Amino acid sequence: MSSDASGCQSAYCNQGWSEVLTHMSPYGWGSFGIAFGLGLSVVGAAWGIWLTGSSLVGAAVKAPRIRSKNLISVIFCEATAIYGVIMAIVLNGLMKKPEDSSYVDGVFSEGWDYNTWYFAGFGVFCSGLSVGLTNVASGISVGVAGSSCALADAQDPTLFVKILIVEIFASALGIFGIIVGIIQSNSSQFPDKLIN
Amino acid sequence: MVETGGLSTFNIQHGYVEALVRGMRNSFVSDSDYHHLTQCDTLEDCKLNLTESDYGASLQNDSTLTPQDLQKAAVDKLAVEFQYLRSQAVAPLAQFLDFITHEYMIENIMMLLKGTMAGRDINELIAQAHPLGMFKESTMRSVVAFESNAKGYADLYQCVLVDTPVGAYFSKFLQESSQNVGAAGEIRNVLEETEIEIIKASLMKYYLEDFYAFCSSLGGDTATIMCEILSVRADTQAINVTLNSFGTPLNDPSMRSTDRRRLYPSVGFLYPAGTSMLAQASDEESLGQVCSLYPGYASAWACHVENDDRSIDDAFFERDAALHELAFESQMHFGCFYAYVKLKEQEIRNLVWITECVMQRQKEAVNQFIPLFSQHAPWRQKGGRR
């Protein structure tokens, strides 16, 4: 047992920030991953929807024909939230409760696969973060493009499809996130029983 | 100071109102409408053509259409639209829209002062006031009760204008003129008619400076776009003040660098180097020399000198219209609100011009209007005049 700079000799003394990684339960990491993945995706989607929505409503005052067509922009933003929901379900499926035989009094027995356990915890956390952060970016950019799309469509209907393509590319950013997130989490299966 | 918000946050507060004003942009009279209007032989034809446009509803009541009726209906329509925008706006957009109205308030006060000096009836004057710059009726009625001299203006400020948004500009004007009584003050009393113009020019100067400071404090695209528009506006003001001063006591060598110089706004592209040259300009030739140093104004000045069918005002209007159209090219800033009001004003000038020409049977002059949002605009022609 080494002592740190403050001279703490206790076995329970913190050794530094790196302990955040090792002392937090991988189940905790995994659950946070799901929370960030879903939460940030919804933030992105909501952000995009009000960016688009406020412009859409305003532009529809003078050009009512745009109102149904431009709901597509809102749906694109909504898709961002759906990516988050899909990812949350996938990630949740990876987290399993350990079998009763693998622990006694809340302490894992001999033979618990700590390495896989930690690997899975970090993996699920980070894939949640990948999805969440890309979806915030995607949601905002779809929202900005959607807002311009509504204004442009109100002026000149031929522009609608052209700007829609820009929106599709913005929306693709979120798809990149979810693809990488799924690949990242594939190997992050939580262990549920003791080795052999 | 509340921020306007950037690309990702502007729409929180102002997305709806901005989309509204961009929807209204659709209502500008189109190229084909202009074409039909210019082909008209009578005012009835004009009215028939306008019923197809956005002005249809506001022209229904008049049996015959005179250019004055058309102007009044169009200005009223603009005022209604503007009030609608204003009622949807929150700070800082609400403040910005209020700033736009201050200009019309100044114009209304000056119109009232000038009108009473000419002995015109107050009811008639109030009916003429621009609806965007309306005061309370009681305020308007009391404006005319003061004498048109230094003491009268001080009383006017203290009793009436101190509560109005333009009061601050008026108090600045009073302060400045009280500091400068002296040799100039004696000539001042002789001016009378010119006096009103001087007051108006100084109020506009303070207004432009104030508006400019407000816009640059907003930052972002709003500052970029509005500061350019207001700079050009300030330069126009400086050139016009100089041009109009020729032949008046303001052009007197003793007053050029004092009284006239004070009327130049301290913003704009001409300030400070250009305005100090303008302060020395004694006749049209020397003014032209100053203008020729600035490419944007050289061409406008050329219109004035060549004396073709376009005056320097037309050249300025044309350049303003091009600049204001540009404000609609980017999103998420306040410039388009200002530009909308100014472009509508230009459209009203166009319609009045066309109907006047039709009424007076001046077919050859009818095409001298400035098309807005048009592919045929002079500034969109390759190698066209700029």
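The backbone N, Cα and C atoms fix where each Cβ goes, glycine too.
Unlike curated entries, TrEMBL annotations are predicted automatically.
What TrEMBL records for this protein:
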- A:32-91: domain 'V-ATPase proteolipid subunit C-like' (DOMAIN)
- A:126-183: domain 'V-ATPase proteolipid subunit C-like' (DOMAIN)
- A:27-50: transmembrane segment (TRANSMEM)
- A:71-95: transmembrane segment (TRANSMEM)
- A:115-138: transmembrane segment (TRANSMEM)
- A:159-183: transmembrane segment (TRANSMEM)
Hey, which of A:71-95, A:115-138, A:159-183 has the most Cβ-Cβ pairs under 8 Å against the transmembrane segment (A:27-50)?
A:115-138
What are the helix, strand and coil residue counts for the domain 'V-ATPase proteolipid subunit C-like' (A:32-91) according to DSSP?
56 helix, 0 strand, 4 coil
The correct DSSP tally for the domain 'V-ATPase proteolipid subunit C-like' (A:126-183) reads 55 helix, 0 strand, 3 coil
